[in-house]
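Enquirer: Let me give you the structure first, and then I'll get to my questions.
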């Protein structure tokens, strides 16, 4: 019989119990022993769920207090020297992730092309890896008590781990330093009764992986020789694996391949017979989107694969970390739509149905699921309608002309100061919003409260002497979900939460049908804010690429059509803002880089579509209207031409945790438009010093002119506390004024 495996399960819990426990601990409202007790109960609940769902190989080690890459760094003592004064305990673990009053946090980067963030391992001259504790063994022993021999340890492989690290001088030598530690972890697991061990090596779906195949042979030869009893699974996901003709010869028991995002290439490799002597762990249920699987199409795929492999195991295409837990609470949705959704728990059920069908037993549940899938495909809200783009202006006047008109209109100083958009959402804001959602607060009272917050923060910004203000986004839970609630073709969930970084969870909207602008999105709040001040207030919108990348997108039309549908909707809102006297409009594309395909050969088509959509949204404005955009966590040297092609008057970039890397991009490539490189890290509660911000500004001015440079935090301030936000912005403004004086002299 075919088996079913899982790669990873969401940490958050059905009601975000994980987030609540960790944040209570950070706030000093929960003792460590109580935190550990609550997290253990969550882990056990997740294990039991998967066992009851019929999963034969249940992941262990996917659960974390913050991030699984940080777990590995902590286990192997890859600890930045600046944290030497800490004992090796949970306080240190969280300090690395979040920073403290004296030390900046480690860098945070996107996990491949997802919206999940990992903590970058830092290697220094003083780094001395050793097995500080075998936490994976502890988790495995705990899991065996619950699920027995179904427990399958999961660990990020050494080649991927080092690839994701900073400070690497000699790549292969660094990998070799880790091998004895991995060996000890594996041997301890085998001695404790483990059989299958999943080693995640997603670096081998990237172009970089092609350069690492020889190292992989050396590494996995070592593991096979030193821990011969282990049944290793070489796991990839998010794309087709590279160099499978060589990787398939590695001395491992099985290979995990993604047949959702790399179907054609991976299937071709299978049909070449590369896995006839291997177990294949086939990722055939989408681990990154929330639509029910097409059972018949997937069953046909399995029948294609089956004859070419030694043994077949079914699994999701990736960890289920990237989807919500369960659809059972989404009773408010249209029944046809709800029945067409599949979150983590439903995906496990789909795998069970497919395994049974592949073994020749199409159960009643199989036919019911097939019927629900067919009903969604036939629904009348799913068309492929796209307004004609023939009348849409795609090019603006030359930047120099626009710059002069905008300078005359806005009258800003050199090095203008601003923020990215959002301000802290206090407990009072959350309380009022919840009361409003539950019907305990009238629409008018809620709007009055939001206006009070806008008025208060406009005054705060004026007191700080910021140059360009924002309304603060107090009406928004999330920069994408908010728009999903107001545009046609979107819906939102009650508990469809997904982990983004640390304890931060997002609730992506679902794009289920054609997207259209049917009502103002942020007009009222923005115009009200502008009425309170003579300084310019930015209109704050989210761009079409970010809305798509941070939503669960429909899978029945092309991405370019979806980009363009959303772009036309955003264009309508921009025109409303401009007509209402808003002179600066920011269209955030925080996730543009995130959506970049992992293979270079596929990237330009995506970037071309992204640039076209941004221009559809923004190019119809007057020359004197200043268009801003914002981007997060990006390797900009790779996409600098496309960023330039967006033709935004000003771009702000989240850079503070990797300021030097970003600066290098602009030292080697001329960027002629306005730009703000984030001068301090908003993801840490630490208040930056004036000297730090001055250094960041001065370094930026070595490759950017004072006429084009803006000073801003590196991201929105929604997750920070009010006091630390004001304190940090005071430092930012003071530092900027000092640099202005230096430039005047």
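Glycine residues also receive a Cβ, built from the backbone N, Cα and C atoms like all the rest.
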Enquirer: Since Swiss-Prot lists 420, 421, 422, 473 for L-homocysteine, which candidate among 561, 572, 588, 608 does it give for that site as well?
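Expert: Only hit among 561, 572, 588, 608 in Swiss-Prot's L-homocysteine site, alongside 420, 421, 422, 473: 588.
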Enquirer: Among 654, 692, 738, which is the one Swiss-Prot gives for the Zn(2+) site where 630, 632, 715 also bind?
Expert: 654
Enquirer: Which one, 123, 550, is listed by Swiss-Prot in the same 5-methyltetrahydropteroyltri-L-glutamate site as 16, 17, 18, 19, 110, 594?
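Expert: When Swiss-Prot describes the 5-methyltetrahydropteroyltri-L-glutamate site, the candidate it includes is 550.
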Enquirer: Of 19, 110, 594, 654, 683, which is closest to residue 420 (L-methionine binding site) if I measure between C-alpha atoms? They're all recorded positions.
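Expert: Given the candidates 19, 110, 594, 654, 683, the nearest one is 654.
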Enquirer: Starting from the Cβ centroid of 420, 421, 422, 473, 588, which together make up the recorded L-methionine site, report each further residue of the same chain whose Cβ lies within 8 Å of that point, ordered by sequence.
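Expert: Filtered neighbour residues, in order: 419, 470, 479, 540, 586, 630, 716, 718.
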Enquirer: If you count Cβ atoms within 10 Å of the Cβ of residue 16 (5-methyltetrahydropteroyltri-L-glutamate binding site), leaving out that atom itself, what do you get?
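Expert: Residue 16 (5-methyltetrahydropteroyltri-L-glutamate binding site): 18 neighbouring Cβ atoms within 10 Å.
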Enquirer: Round to a whole number and give the Cα-to-Cα distance in Å for the pair residue 17 (5-methyltetrahydropteroyltri-L-glutamate binding site) and residue 422 (L-methionine binding site).
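Expert: Taking the Cα atoms only, residue 17 (5-methyltetrahydropteroyltri-L-glutamate binding site) lies 26 Å from residue 422 (L-methionine binding site).
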Enquirer: Just to verify a number: CA distance, residue 19 (5-methyltetrahydropteroyltri-L-glutamate binding site) to residue 473 (L-methionine binding site), in angstrom, no decimals.
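Expert: On Cα coordinates alone, these residues lie 23 Å apart.
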Enquirer: Specify the count of other C-beta atoms within 10 Å of the C-beta of residue 19 (5-methyltetrahydropteroyltri-L-glutamate binding site).
Expert: 18
Enquirer: Just to be sure I understand the packing, how many Cβ atoms besides its own are within 10 Å of the Cβ of residue 110 (5-methyltetrahydropteroyltri-L-glutamate binding site)?
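Expert: By my count, 20.
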Enquirer: DSSP secondary structure for residue 420 (L-methionine binding site), reduced to helix/strand/coil, please.
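Expert: DSSP assigns residue 420 (L-methionine binding site) to coil.
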Enquirer: Report, in whole Å, the straight Cα-to-Cα distance of residue 683 (active site, proton donor) from residue 16 (5-methyltetrahydropteroyltri-L-glutamate binding site).
Expert: 20
